[in-house]
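S.K.: Just dropping this structure here.
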Amino acid sequence: MDALRRGAPTARWRWTATAALKDTLPAWLLLSAAAGLRAEDGTEKEAEESHRQDSVNLLTFILLLTLTILTIWLFKHRRVRFVHETGLAMIYGLLVGVILRYGIPATSYHHKTPPSCSLMEGPVSTVLLNVSGKFFEYTLKGEINSREIHNVEQNDMLRKVTFDPEVFFNILLPPIIFHAGYSLKKRDFFRNLGSIITYAFLGTAISCFVIGNMMYGVVKLMQVLGQLTDKFYYTDCLFFGALISATDPVTVLAIFNDLDADGDLYALLFGESVLNDAVAIVLSSSIMAYQPSAGNTHMFDASAFFKSVGVFVGIFSGSFVMGAATGVVTFTKLHCFPLLETALFFLMSWSTFLLAEACGFTGVVSVLFCGITQAHYTCNNLSAESNQRTKQLFEVLHFLAENFIFSYMGLALFTFQNHIFSPIFIVGAFTAIFVGRAFNIYPLSFLLNLGRRHRIKGNFQHMMMFAGLRGAMAFALAIRDTATYARQMMFTTTLLIVFFTVWVFGGGTTPMLSWLHIRVGVDPDQDQQPCIDRQSTTKQESAWLFRLWYSFDHKYLMPILTHSGPPLTSTLPAYCGPLASCLTSRQAYEEQLRDEDSEIFRNDADLTFTFGDTSITSNGASGSAAGGDAEALERELDSREQELLSRRTRLPPASSDPPPRPP
């Protein structure tokens, strides 16, 4: 049992107490006191050494990030695009992992085989030892390979640079996912919302089941060839299909952004990857919740299957509602103190993730929709200084967290001690993800093109197929549980898949854009596409349900939750005048309309803006005059807004306020 603890203080204590039994009582007391001092001294030295080692480990990661940032600056200065910053972080992590694993000599304080202790029910997380009437608590650190039983100190060093999976989920993932929702380009995203949802939900499910079934065939082949040394069930294969279906085309999207690639293609890839991560994590949770009523928990059971589907719908819906609700109620009224305002906004955003996890939902889904909601509502209530601070804060956190995860991926290839490399499983996994991606993109694109006027072209489909990289989410799902033989093999294979896709596909993005003749260097906001074609595209591709919601949001929700949008006194019926005046803040009357999303449907001929007694449609017509172009429409909108503010929506000034100026 002494082997459970690496420090020799316990052994010294027992030896001293045994020798003291042969002497007189005073001598025994002296020896016991000396033994206690030596034990405490050894514990203090061990704690000091552990603290120093932890500092070295953290310093290693900081140096990795520093080296990555300097190299990124050099590459951007030289306009090098064959490798992305995430690929660089992985390379540096690999180099440091090699040094830690093979460059540092092993030291050991064990010179003989330690005694063994048998537990019938397997390992336990906590062990209490009674040493001379004092109880000591020992915690489980992990399994040690029998061949490395005398290298406990080196194993402990490698174990310390292997982070707890909860660190990834509770600390590193939230800023990455939140930034994806908070920085969403809403115009292109909502213009392609139907296609994005189809790829993210239906496409991820197709990919999961295609990969899972193919990998089950690979597992059966390994069993026939005698390459399978432990249990590997069908549910394990489906779980692997769910986690590896989480795409992360961060490299491709960064290059798209630098080259100003087509806006619709960027929106499709970005929107799919954002929602795809949320779907993958909920899908994996549903698969783990699959519990048939029969004795064999890995046989198919219809009731258990539909129960898992219900779990998926319940978790996703609950997480969505919690995230959106938290984003809506995050009011920050501390305009006089921008620092406090930014701090409150940051804490409320992060708490959304933890609140969802504590309630049994999925924090990734909640914090994603919290970011989208706060970008739409809450940021309009922030002061200008706080708005800029929050954007920069989350951008920096996203950058550091993402590069930290990719650096750790490279490190984990050598520091993780339970890798299982199976060539058959690895080759089968690579084949399965390509087949699953193909079944996701091409059939769904064909079906979507049947209802889209602005079709998803063939070269766009090939680029989406090529851009199916795996990254942080797949790695985080794989490392969350590595206790069994199957999960350890999944983790090793996931690492190799992430390395290959980031380096090969990420590095080949620029040549692939050229080979597929996808236009670059054109700002989609300045694209000289004919106005009639843009109107028909927006009308055809924007879902009618979303257009109805947008009209409701613009007239009622935005004035209530923010200082933007038309005041409620102009949108609610006349008999609701007192209620409208109560719910509308003074800033809503004083500030100019600054809803950035209004341009999403400004070209839609079916959408009508109502200001006062005049209705203005987006084709330039109004109840009193008609404009022939977009500039006339803008002038008409501005004039009607000013007329509304001066004629119908001015609040009576307070006694201490100066009289309002005429517009």
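Cβ from N, Cα, C; glycine included.
Just so you know, TrEMBL annotations never went through curation; they're auto-generated.
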S.K.: Which one of these stretches, 17-37, 311-331, shows up in TrEMBL as transmembrane segment?
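M.R.: Range annotated as transmembrane segment by TrEMBL: 311-331.
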S.K.: With the ranges 167-184, 545-562 to choose from, which does TrEMBL describe as transmembrane segment?
M.R.: 167-184
S.K.: Report yes or no: does the transmembrane segment (485-506) come within contact of the transmembrane segment (196-219), defined as 3 or more CB pairs under 8 Å with a sequence separation of 6 or more?
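M.R.: Contact absent: fewer than 3 Cβ pairs fall under 8 Å.
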S.K.: Is the transmembrane segment (265-290) in contact with the transmembrane segment (196-219), using three or more Cβ pairs under 8 angstroms as the rule and ignoring pairs under 6 apart in sequence?
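M.R.: Output yes: the transmembrane segment (196-219) sits against the transmembrane segment (265-290).
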S.K.: Out of 87-104, 420-439, 460-479, which stretch touches the transmembrane segment (167-184) the most, going by CB pairs under 8 Å?
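M.R.: Result: 460-479.
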S.K.: When you scan the chain for residues with a C-beta under 8 Å from the transmembrane segment (265-290), skipping those not six or more beyond its ends, what do you find?
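M.R.: Sequence-distant neighbours of the transmembrane segment (265-290): 177, 180-181, 184-185, 188-189, 191-193, 195-197, 199-201, 203-205, 208, 235, 238-239, 242-243, 245-249, 252-253, 256-257, 304-305, 307-309, 311-312, 315-316, 319, 362, 364-365, 368, 456, 460, 463-464, 467, 473-474, 477, 518.
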S.K.: May I ask you to check whether the transmembrane segment (311-331) and the transmembrane segment (343-372) make contact, with contact taken as at least three Cβ pairs under 8 Å and only pairs 6 or more apart in sequence counted?
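M.R.: These two segments touch.
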S.K.: Find the member of 55-75, 87-104, 343-372, 393-414, 420-439 that has more C-beta pairs under 8 Å to the transmembrane segment (460-479) than any other listed stretch.
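M.R.: The stretch I would name here is 393-414.
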